[in-house]
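In what follows, a structure is listed as structure tokens, so that the remarks can point back to it.
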Amino acid sequence: WIMGHMVNAIEQVDEFLNLGANAIEFDIDFDKDGIAQITHHGIPCDCGRKCTKKAIFTEYLDNIRQVTTPDDPKFREQLVLLALDLKLQRISSAKAYRAGEDVAKKLLDHYWQRGNSKARAYILLNIPLVEDYEFIRAFKDTLKNEGYESYNDKVGINFTGNEDLDKIRDVLEILGIHKQVWRADGITSCFARGTERLKEALKKRDTPGYNYINKVYAWTLVRKSIMRRSLRLGVDGVMSNNPDRVIKVLKEKEFADKFRLATYNDNPWEKFRG
């Protein structure tokens, strides 16, 4: 999975897909009451990027629904995964449950259209810190209460704050989540980061019977040397400001026979068995 990073303006979706991304990440900003308002990162952000691009969240969902719906004029077959970077660290943890309700309802109304949409992308909920785990509980409660629990099959969970892996496991255990879990490891492209935690996450992913990590990706990679390092370690995905660079690295002799771009037929919730 090549995840285009910080794709917050509607016009950026095609831009990143044209560069080779098959997944996009966008930031969701909330008001003080936990209501999702806009797709927006804000300052500071990655080096060399404009931090202020934005869209109204519901309008963004309306557009991305078309882009991921077969037979729609806007359909782009390669886009198979949407990563929602939930900016919950900007609001009180007491509002995390309300935020989960709101995002679930907006996905129901504007993306899935309560069963009337054929939009097919998988959804990855990126939560910054484990302290905001009530977002997940609310999201799942809302799907159940609204009568659309089946959409859980399309939704995965990821904590992105580089927290202790065992601490994350404990929270997932509290929530009763033992599948459809991704793990991210990384830092803004402005800085370098070691591989200790990334290696630990990959080791846990590959441990038989360990059900708290199905996929691991590294972020935000812009240098080809770091992309190569991550691929050698065996990541499932790379988040980048430059998907075209990832494509070029994947075509190199060292990687061409080991990796390929994920398609809709690849289940993002299953561990890869090479």
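Note that Cβ sites are derived from N, Cα and C of the backbone, with glycine treated the same way.
If you look up Swiss-Prot, you'll see H5 marked as active site, on the strength of similarity to another entry. H5 (active site) falls outside any helix or strand according to DSSP and counts as coil.
The Mg(2+) binding site annotation in Swiss-Prot covers E25, D27, D85. The Cβ of D27 (Mg(2+) binding site) lies under 8 Å from the Cβ of M6, N8, T39, H40, H41, G42, D85, K87, each on the same chain and at least six residues away in sequence. For the recorded site, D27 (Mg(2+) binding site), the DSSP three-state label reads strand.
For the recorded site, H41 (active site, nucleophile), the DSSP three-state label reads coil. Residues annotated as active site, nucleophile in Swiss-Prot: H41.
The disulfide bond annotation in Swiss-Prot covers C45-C51 (among others), and the record cites similarity to another entry as its basis.
Taken from Swiss-Prot, the feature disulfide bond applies to C47-C190 (among others). When secondary structure is read from DSSP and collapsed to three states, C190 (disulfide bond) falls in the coil class.
Across the structure, C47 (disulfide bond) and H5 (active site) place their CA atoms 12 angstrom apart.
When the C-alpha distances from C51 (disulfide bond) to the recorded positions H5, E25, C190 are tabulated, the minimum falls on H5. Across the structure, C45 (disulfide bond) and C190 (disulfide bond) place their CA atoms 9 angstrom apart. In this structure the alpha carbons, written CA, of C190 (disulfide bond) and H5 (active site) are 14 Å apart.
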